[in-house]
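Taken verbatim from TrEMBL:
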BINDING   GLN134, CYS135, GLN136, PRO266, TYR267, GLY268, GLY269, MET270, GLU271, ARG540, MET541, LYS542  peptide binding site
BINDING   HIS295, HIS299, GLU318  Zn(2+) binding site
DOMAIN    440-584  domain 'Peptidase M1 leukotriene A4 hydrolase/aminopeptidase C-terminal'
Amino acid sequence: MTPVSDPSSFSSLSKCATKHLNLIYHVDFDRHVLKGKVALTVEVLEDKFSSLTLDSKDLKIFKVSANGQAAQFALGTKHKFKGSPLEITLPFELSRGQHVIVEIEYETSPSATALQWLTPKQTAGKKHPYLFSQCQATHCRTMVPCQDTPSVKHTYYAQVSVPRELVALMSALRDGQEPDPSDSSRVIYRFRQPVSMPSYLIAIVVGALESREIGPRSRVWSEKECVDEAAFEFSETETMLKTAESLAGPYVWSQYDVLVLPPSFPYGGMENPCLTFVTPTVLAGDRSLAGVIAHEISHSWTGNLVTNRTWEHFWLNEGHTVYIERMIARCMESEQLRQFKGIGGWKELQESEITADYSQILVNHANYALLSLPLIIEVFMGFVKSYIQLFAYGSVTTEEWKNYLFTYFKDKVDILNKVDWNGWMHTPGMPPVKPQYDTTMADACTALCQRWVKAKEEDLASFTEADVKKLNSPQLIEFMALLLQEEPFLLSHVKKMQEVYQLNSVKNAEVRFRWLRICVKAHWEEAVPLALKMATEQGRMKFTRPLFKEVYNFSKYSDEAVKTFKEHRGALHPVTAMLVAKDLKIDG
């Protein structure tokens, strides 16, 4: 393994490595803080070892000890992104190969970037507060002092004290619960994670949660308002897990649970081990959006088991995961669907190139490099499985990945040498080669879109419900996306679309949000309250921002958009609220 230096971490990576964390948390909803104690089991990697540095950000450190003896500590100068290095001096010297237990008592800040404290108003049940964390990429240091880098992997054990009417879960196996001996109104939940993992995958959630069994190693968790709907939606989880295992090897994390977060959760999903976090907007009532689970399941191998060494190599996590996710689609549905998803991915890459910065292009670039290599090499899945076996429980760089690719395909080196590696990996802009996809599924969407674009008033009678009945959910989403790219439609056309296709009653959030934008663009006034309702009844940034923007751009309703936002601002996630305020040109 190449020596590690991580530009996003202050911690001493060449001197020592964390092997285990033992966490004790007291969750304080009144003050919005975690009172914590962490014991890090640290392996020493050099002789004459007497000091170490950990990552921390906005933490109050009360006390540090090493093997039970008081240790001196100091917080270094605060860096905008990296936080403050926690410099610890041991009261003794150790040699390479020895272990030391470093114990730290501390408290998080109410503004810790890893933690989101929701008021009862921001939950589905409206009765109890809620806490969830999001540590990727470098936010774990706001929740626990640690070596906050994907190059270090460790197991963990945790005890979490919460008010007894609430349930705590973590990215680990549940290990029982007991009344809190120091406070009869609280309960302690215990967790153990026996598989080594990077710090960014430590996750916690506390809320009024219930669960339903959805498979032999899976439960779905959410507030009771949507737990049964979620159990139906994710009923194919075990089939997806088995399919992924047939492609990538055994699932090593024992349990695969899904947590559906409150509506204000601003993202699509997060692959926390043993407990995937997902947005409630994937509950479509017809399992059509459960594909988000295929992506998070795939991360159990690429990302969680084999991890990018540092964040510059992030494409290794995402590229392989998208590849496995699409292979799952191929096994469970068809090769045509995999190709169709590839076309969608290429379009997303084009869109992100317009808005992204240089570093993102590098990530996406290589990401798609990987996805189009299979067009050169038919047997790519075999390589991915072998790569996972080789680098399992460790971390990897792009160079190591490429070297192994050449080793695995030693009889195809002449083909690999023809690849423009510099063009793929380091040149901004779109990739040097566009893959040739099977367009069968996309053609049907394009054809129907073009019929609507070219239709005159007298042609409207030719459209029937059968047009969309022939499309599956991914195609219906694509059809809507194509319509949205066109010039705004005449109101008569949009009204006819509703009359024949009944789109207002579609529950699928991906279809609905595009359809409502099409309606508002066409200045159909009846759609405005529906668009504002969707923008406020959930808070996923992907949906909320464009819907508010669309209504705001309909000049007659600009004030209505601002008024609605101000009324609902308190229920949105702070990041979402800040960005929508910017979109609507609201000061302060």
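One-based numbering along the chain as shown.
Cβ from N, Cα, C; glycine included.
What you see is a predicted model, and the numbers here were worked out from it, not measured in a lab.
Taking the mean position of the Cβ atoms of HIS295, HIS299, GLU318 as the Zn(2+) site, the remaining residues of that chain whose Cβ falls within 8 Å of it are GLU271, GLU296, SER298, THR302, GLY303, ASN317, THR321, VAL322, GLU325. On the backbone, the CA of HIS295 (Zn(2+) binding site) and the CA of GLU271 (peptide binding site) stand 8 Å apart. Of all Cβ atoms in the protein chains displayed, 22 besides its own lie within 10 Å of the Cβ of GLN136 (peptide binding site). Per-residue pLDDT, averaged across the domain 'Peptidase M1 leukotriene A4 hydrolase/aminopeptidase C-terminal' (440-584), gives 93. Note: the CA-CA distance between MET541 (peptide binding site) and HIS299 (Zn(2+) binding site) rounds to 22 Å. Separation of the C-alpha atoms of GLN134 (peptide binding site) and GLU318 (Zn(2+) binding site): 17 Å, rounded to the nearest whole number.
When every Cα pair among GLN134, CYS135, GLN136, PRO266, TYR267, GLY268, GLY269, MET270, GLU271, ARG540, MET541, LYS542 is compared, the largest distance found for this peptide site is 20 Å. When the domain 'Peptidase M1 leukotriene A4 hydrolase/aminopeptidase C-terminal' (440-584) is classified with DSSP, helix, strand and coil residues number 116 helix, 0 strand, 29 coil. Between the C-alpha atoms of GLU318 (Zn(2+) binding site) and GLN136 (peptide binding site), the distance comes to 13 Å.
Using a 10 Å Cα-Cα cut-off from HIS299 (Zn(2+) binding site), the binding-site residues that qualify among GLN136, TYR267, GLY269, GLU271 are GLU271.
Neighbour density for GLY269 (peptide binding site): within 10 A of its CB lie 19 other CB atoms from the protein chains shown. Within 10 Å of the C-beta of TYR267 (peptide binding site) there are 17 other C-beta atoms, taking all protein chains into account.
Ranking the binding-site residues HIS295, HIS299 by other CB atoms within 10 A of the CB puts HIS295 at the bottom.
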